[in-house]
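**Student:** The structure is given below, and queries will be raised subsequently.
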Amino acid sequence: WLGCARVKEACGPWEWPCCSGLKCDGSECHPQ
């Protein structure tokens, strides 16, 4: 398990992917 980015945490090419059920909206993860 490699971890994941939660709501309002950074996401993108050099960050963790968003947790399940979240989407990357620009630079932060948000609920879908």
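Yeah, the Cβs are placed from backbone N, Cα and C, and that goes for glycine too.
For reference, Swiss-Prot lists these features for the protein:
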type	residues	note
DISULFID	C4-C19	disulfide bond
DISULFID	C11-C24	disulfide bond
DISULFID	C18-C29	disulfide bond
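Map these features onto the structure and tell me what's around them.
**Tutor:** A simple way to gauge crowding: the CB of C19 (disulfide bond) has 14 other CB atoms within 10 angstroms, across all the protein chains here.
A sphere of 10 angstroms centred on the C-beta of C24 (disulfide bond) encloses 16 other C-beta atoms. According to DSSP, C24 (disulfide bond) is assigned to a strand segment.
Around the Cβ of C18 (disulfide bond), the same chain contributes C4, A5, R6, C11, C24, C29, each under 8 angstroms and 6 or more positions distant in sequence.
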**Student:** Where does C29 (disulfide bond) sit in DSSP terms: helix, strand, or coil?
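**Tutor:** Its secondary structure by DSSP: strand.
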**Student:** Within 10 angstroms of the C-beta of C29 (disulfide bond), what count of other C-beta atoms is obtained when all protein chains are considered?
**Tutor:** 24
